[in-house]
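**Q** The transmembrane segment annotation in Swiss-Prot covers 2-22, 69-89, 102-122, 146-166, 171-191, 222-242, 253-273, 294-314.
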Amino acid sequence: MFLINVLTVTLPILLAVAFLTLVERKALGYMQLRKGPNVVGPYGLLQPIADAIKLFTKEPVYPQTSSKFLFTIAPILALTLALTVWAPLPMPYPLINLNLSLLFILAMSSLMVYSILWSGWASNSKYALMGALRAVAQTISYEVSMTTIILSMVLMNGSFTLTAFATTQEHLWLIFPMWPLMMMWFTSTLAETNRAPFDLTEGESELVSGFNVEYSAGPFALFFMAEYANIIMMNALTVILFMGTSCNPQMPEISTINFVVKTMILTICFLWVRASYPRFRYDQLMYLLWKNFLPLTLALCMWHISILISLACIPPQA
């Protein structure tokens, strides 16, 4: 029974990932005044299936001097972790109801660094290694601000449990009183998922596509799927934390539709940012976090602690 539950969560995610690639190509196409994919199937709707068949039927090429085991296991680890993070997300009911679901998500997203690092090191290419080191530095740096923001959210929520956020936000979404944190959180999720304008790991001109330069066919597709699964997951988490997914026990499907629509809107914002902004310079990326985001998030965290103490109020207890 548990296996069926797992499949009913993972298969729709993989399907959503496939069609998100099509949505991205279509959105970028229309923003650049062109059509995007429109040959395979009606309006190009079968393009993801054609891409999947092409990628998984090609022979993967292994560099002669690479570490075969790590080279193969890194993309598998990336996709496994990307799908595991979905387990505690309430949609409106989670696959596994953890008491410390926010900590679990942070731990899993930290582990994703290893798949990037292994892939860069195992390729035995200086470009791949430099791209991997950039990705690791960027991911670890932005996790600092994300953790501080989550701490502020937990102070308002009174619990690390994600299902408790729906109760907290029954009357008012947390995006309104905590909009500076929401802005910084959204920017941090862009950096955490290595998306434009923070896609420094894939610098085509200086790093020849970064840590996955040696990957092709199936293993490359696994990295690609992991990246897009992380994008949808981060947006789903943003909706849960800031945009209140209140669950009606009589009609849970209504809250699921509500949740999905909000997640789609945020995901399209991710694509819109990619179409609009140029890539950051590496020093600007680090300056933004360590000089701007970190002091501001720490100050807001202290502010939220002092509000609770000074007003002698406690958040809703789960």
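Easy rule for this one: first residue shown is 1, then count along the chain.
Placed from the backbone N, Cα and C atoms, the Cβ positions cover glycine too.
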**Q** For the transmembrane segment (222-242) and the transmembrane segment (102-122), decide whether they are in contact, meaning at least 3 CB pairs lie under 8 A, counting pairs 6 or more apart in sequence.
**A** yes
**Q** Report the listed stretch (2-22, 102-122, 253-273, 294-314) having the maximum count of Cβ pairs within less than 8 Å of the transmembrane segment (171-191).
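**A** Stretch with maximum Cβ contacts: 294-314.
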**Q** Pairs 6 or more apart in sequence, C-beta under 8 angstroms, 3 or more of them: is that satisfied by the transmembrane segment (294-314) and the transmembrane segment (146-166)?
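**A** Between the transmembrane segment (146-166) and the transmembrane segment (294-314), which are separate recorded stretches, there is contact, as judged by 3 or more close Cβ pairs.
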**Q** By Cβ distance under 8 Å, which residues at least 6 away from the ends of the transmembrane segment (146-166) in the same chain are close to it?
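**A** Contacts of the transmembrane segment (146-166) (Cβ under 8 Å, skipping residues fewer than 6 from its ends): 88-90, 92, 94, 97-103, 106, 174, 178, 181, 184-185, 188-189, 192, 240-241, 244-247, 294, 297-298, 300-301, 304-305, 308, 314-318.
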**Q** Could you tell me what the rest of the chain brings near the transmembrane segment (102-122), counting residues at least six beyond its ends with Cβ under 8 Å?
**A** 66-67, 69-71, 73-75, 77-78, 81-82, 84-85, 87-88, 128-133, 135-136, 139-140, 143, 146-147, 150, 154, 160-162, 192, 201, 211-212, 215, 223, 226, 230, 237
